[in-house]
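Asks: Following this message is one structure expressed as C-alpha cells.
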C-alpha cells in the first residue's frame, strides 16, 4: 500500500519518514495514552458508584433507567436484569466499571489489545455510565467521550497495522477538539466582563477559590502580585494565542506549542484535583507532534514490538551521500524554523507588553504595573473574527486531507478487486462522512462562546442537539467565566440534640477544616466527583442543588455507601437525629500566620446553608417528592428481584469489599504503577531477545 504524501512540501524528506520505516507513532502513543485516561475515569467512577448511584445512594441509577427520557435510558445498564444483576442495586454499574477498567488496562499495557474493538467497548461502557451520573456529571466526562469517539475513527483493527487512510483526518479532528477546549476556556474569561480577569488578578484569586485546591496552590498564592499578573497574561497567551500554532505547517512551531501547554497543564495537575481532565488534554496535545519526533522515537524504542530497522536503512545509504544531503537540508530547515519561532516569541512578548500596558512605577521600588489598553467592545470584536476564522481554517485543512485521501485511494485498487476492497472503501466513505459531520456540528457550540456569533439555524441546532445527546460534540468554556471573589464552603453538621454540640462530617478532598493534615489533600489523577460537586453548591441556593435533599436523607438513614464518600474518621457511629449545613468563608493564611499555626486556612462562619432537617421533617419529604425521588421503603435495603446470578453477584461484591478498603487515589496510582511496570518489563524482555 502506498504511503500518503506529506502535507508540508517545504519539509525535507528526512522529516517525512523513510521508505524503510513508516510507523504511525503519533497514533500509537495517543491511543495508548487514551487507554490510560479511560482507566483513570473508570476507576474514579467505580470507587464512588455505590454511594452516588446505588440503590441506597444519593441519586440511584434506577430513577433514570426507569423514569428518565428515552435518550437518558440509552445505557447498557438496562441489560442488568437480563444478566441476573437486579434492577435496583449497583452490581450492573460495578460490572461496567470493571469491564471498562480491564479493557483500558489491557489496551495500555498490551499492543494486542489496543485496537478498534477496544475503543468501541470503552466508549460504549463509559457513555452508559455518564448517562446515569445526573448532577455529578462534569466537563471532563464530555471531553473524554468526544475524544473517545474520535479515537474510534483513528484506531486500527490492530495497533500493529500500518497507516489507516482516515488517520490524518481523525488526528486533525482531535487537534480541533483540543483547540476548541483551550480557546473556549480563554475567550470566556474576558468576554464575561469579570473585573478580576480584566485587572489580571483572576489567577491569584483562582488559586484560593478553585474547586479542590492543593498545597501547591497555597504556596503559589503566596508569590508577589506581579508574578500572578504575569502568570495571568501567560494563561491568556496559552488559551487565546498559542492554540493557533496547533495548525502551523512548521513542526518546530507545533513542538513549541506542545511544550508550552505541557508546562501549563503540569502546573494545573499540581495545583488542583481535576482528575483525568489535564491528562486527557495532554494526550490530545500529542497530535501536535510528528511520527519522527525525538520524544516519540524514544517512546517507540521503549515499546516492545516496534520496528526500528528504518534508521539502519538510512545509515546504509550514507555512502552515496544521500544522508549527508538530507542532513544539510534538515539543518537548513531547523535554522529557518528557529528563526520563525523567535519571531513568534518576540511578537508575543511585545504584543503582551503593549496590549496589557506592562510598565514600571515611578517610585523608588520600581515595581511592575499593568493596565489593559483595550476595551471590552474591542475584545469582543476581535473574538468575533477569531471565532469565525477558526472553523474555516480547519475546514480548509480537512478538505485538503480529504483530497489527499482520494488521490491515495486511486493507487489502492478498484471494486473489481473483490468484496474486501469494496468493504474497505465503504468503511472509508462512512468514516469520512462522520468526520465532516462532526466538524460541521462542532461549529455550533464553538460559535456560542459569544451571543453575536451564535448560529441561529434551527436545522444545525437540532442536528447538534442529536449529537450532543450522545456527547459526540459538546460545548466547553463554561467554567471560570466569572471568578469568585471569596471562597465559600458548605460544612455538613450532625447532632442528637438541637441544643447540644454540633459535630462536622469530614471530607476526603474538599476543604472543611483548618487542620494541616486534612485541609489540602492531593488526589493525583483520581477524580473525586462527590467532593467536586460541593464547589457548585457553595455558589448557589439550596433549591438549585437538588441532590442535597437525597444526601440529607441518606445521612439521616446512616447509609454506609454514602458514608464511605466522607472521611471515615469524622462520621457518626450511629444515625444522627438532626442534620444541618453551615456556610463558611475560607481564606488562605499568610506565610507568617502559617509559620505560627501551621494551618493553610482561616475560616469564618457566615450562616446557615440550610436549616435543621430530621427524618420526620415535612419540608424534607416535600422536597423529595418534588424532585421525584423514590421514598417508598427508603429505609429498607435494596431488593434485587432479578438477582439470580449469585456467582457473578458474589464476585462483584468480593471485589467491592476488597477495593473499599483502599482509598481511591491510592488504588488508581497502584494500577498505573502496575501498568508502567508491565510495560517496562515487556521492553526489557524485548531488548534482551534482540
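Positions of Cβ are set from backbone N, Cα and C atoms, glycine also.
Predicted automatically and left uncurated, TrEMBL annotations should be read as such.
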Asks: Which stretch, out of 11-28, 29-46, is listed as transmembrane segment by TrEMBL?
Replies: 29-46
Asks: Among 426-444, 445-463, 464-482, where does TrEMBL put the label transmembrane segment?
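Replies: From TrEMBL, the annotated transmembrane segment range turns out to be 426-444.
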Asks: Per TrEMBL, which of 172-198, 199-225, 253-279 is transmembrane segment?
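Replies: So the range that TrEMBL calls transmembrane segment is 172-198.
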Asks: When you look at the transmembrane segment (29-46) alongside the transmembrane segment (426-444), do they share 3+ Cβ pairs under 8 Å, ignoring any pair fewer than 6 residues apart in sequence?
Replies: no
Asks: Applying the under-8 angstroms CB criterion, which one of 29-46, 226-247, 340-359 scores highest with the transmembrane segment (172-198)?
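Replies: Per the Cβ under 8 Å count, 226-247.
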Asks: Restricting to the domain 'Lipase maturation factor 1/2 N-terminal' (138-292), what is the model's mean pLDDT?
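Replies: The answer is 93, the mean pLDDT of the model over that range.
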Asks: Please give the sequence-distant neighbours of the transmembrane segment (116-136): residues at least 6 beyond its ends with Cβ less than 8 Å from one of its Cβ atoms.
Replies: 31, 34-35, 38, 41-42, 45, 49, 52-53, 59, 61, 64-65, 72-77, 93, 96-97, 99-100, 103-104, 106-107, 144-145, 148-149, 151-152, 155-157, 470-471, 529-530, 533, 545-547
Asks: In the same chain, who gets a Cβ under 8 Å from the transmembrane segment (226-247) while lying at least 6 residues past its ends?
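Replies: That would be 175, 178-179, 182-183, 185-187, 189-190, 197, 200-204, 253-254, 256-257, 260-261, 264, 287-288, 344, 348, 352, 356, 358, 367-368, 370, 386, 393-394, 397.
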Asks: Please spell out the DSSP helix, strand and coil residue counts for the domain 'Lipase maturation factor 1/2 C-terminal' (472-610).
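Replies: Its residues fall into 41 helix, 32 strand, 66 coil.
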